[in-house]
Ligand code: AMP
């Protein structure tokens, strides 16, 4: 039966949600995708999307296990379960241990679990998802694909924090995230812009609810904005990005806040939400800013300022800048954010083509800069799920056990 198993199931498991996509062969579009949300709560539900059709199934308080078992039953009914040949799992933190996608077994899973101290919000949920999926779909290979792996090529000068050795020895360094997206977009950019795969320099801005920018030299990450955790760097939906640690000491002393309070403040109450007092959603803020909402205007201005500053800074980690590439929900859809950012990049010699910029949304990819002189600017739709499926696909057929 192994030869019939051509599909890859991709799972991205959070603490109370689980996203999945099913890819047939090498097709870029998932044939079925969806999410389970509010897991462990009374209103937990599973939503399945196939083409334009959407089905919602109540899970009645069920958790990850219930959601995955229900999904498997649905796949069985659709005749798709036996077509699955591998499962790819998004794992947020691989520390400096995992430099590439890795076949999961009990030992690897234990190592990922042991890295939870670096990503306490993400890795435990990822591990839970893997455990449940390996139980439910135990007869196919499961593959861990790490957000951090792509950044393991970053040189020491760029990934080292200026702190005493004992902390550096304990793994406190910049790791970087969104690696699957940055790696995918970097490859697409080479094709779109006709660059030499062995001689090019890019800055990629992945802008979504979480945002990061990365300098890519000849296909390898050489610098990135996120750090030990996905909190450092750009202004995000609810995350502050860079802030003077001294400001945190000040707030802690002034308001007698605990470490957990500060974690919540910077990860969940800051960013666009904290700045605007209105929303973490860029689309909402763009509309509000257009109507004169002061908080929304400030939020957009601070976000764009930080982004342009990072793009300029990351360019110095490259011998040459060929292009700045925008991706992620905001990068792919907001001509406003792109225009405002590029307007600040005059020093790099980038000029916007306003018409091209205005027409780039909803998954379209293309160049949005005006002249052939100087670096280009482009929009490329990311497809992290497909990139994860690509990493898992080579494992199809390895040690497949009989379906239980
Ligand atoms: P992601 O996390 O990649 O799904 O991106 C989510 C972000 O993309 C949210 O802040 C959305 O408001 C933003 N976004 C999606 N579509 C648009 C749009 N048409 N204009 C501006 N922002 C958008």
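Yeah, the Cβs are placed from backbone N, Cα and C, and that goes for glycine too.
Because TrEMBL annotations are produced automatically, they should be read as predictions rather than curated entries.
Note that this is a predicted model, so its numbers are computed, not measured.
Lifted from TrEMBL, the feature list:
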- 12, 384: Mg(2+) binding site (BINDING)
- 19, 206, 207, 208, 209, 210, 281, 282, 283, 329, 330, 331, 332, 333: ATP binding site (BINDING)
- 90: substrate binding site (BINDING)
- 147: active site, proton donor/acceptor (ACT_SITE)
- 178: site 'Transition state stabilizer' (SITE)
- 239: site 'Transition state stabilizer' (SITE)
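Among the recorded positions 178, 209, 239, 281, 283, 384, the residues whose Cβ lies under 6 Å from any atom of ligand 1 are, in sequence order, 209, 281, 283. Site extent for ATP: among the recorded binding residues 19, 206, 207, 208, 209, 210, 281, 282, 283, 329, 330, 331, 332, 333, the largest C-alpha separation is 23 Å.
Taking each of the recorded positions 19, 90, 178, 239, 283 in turn and counting other Cβ atoms within 10 Å of its Cβ gives the largest count for 178.
Other Cβ atoms within 10 Å of the Cβ of residue 281 (ATP binding site), summed over all protein chains shown, number 17. In the shown protein chains, 22 other C-beta atoms lie within 10 A of the C-beta of residue 12 (Mg(2+) binding site). Among the recorded positions 178, 283, 332, no residue is found with its Cα located within 10 Å of the Cα of residue 12 (Mg(2+) binding site). You'll find the Cα of residue 330 (ATP binding site) roughly 15 Å from the Cα of residue 384 (Mg(2+) binding site).
The DSSP secondary structure for residue 332 (ATP binding site) is helix.
Secondary structure at residue 178 (site 'Transition state stabilizer'), taken from DSSP and collapsed to helix, strand or coil, is coil. With respect to residue 147 (active site, proton donor/acceptor), the closest of these binding-site residues in Cα terms is 19, chosen from 19, 281, 332.
If you compare Cα positions, residue 239 (site 'Transition state stabilizer') sits closest to 209 out of the binding-site residues 90, 209, 332.
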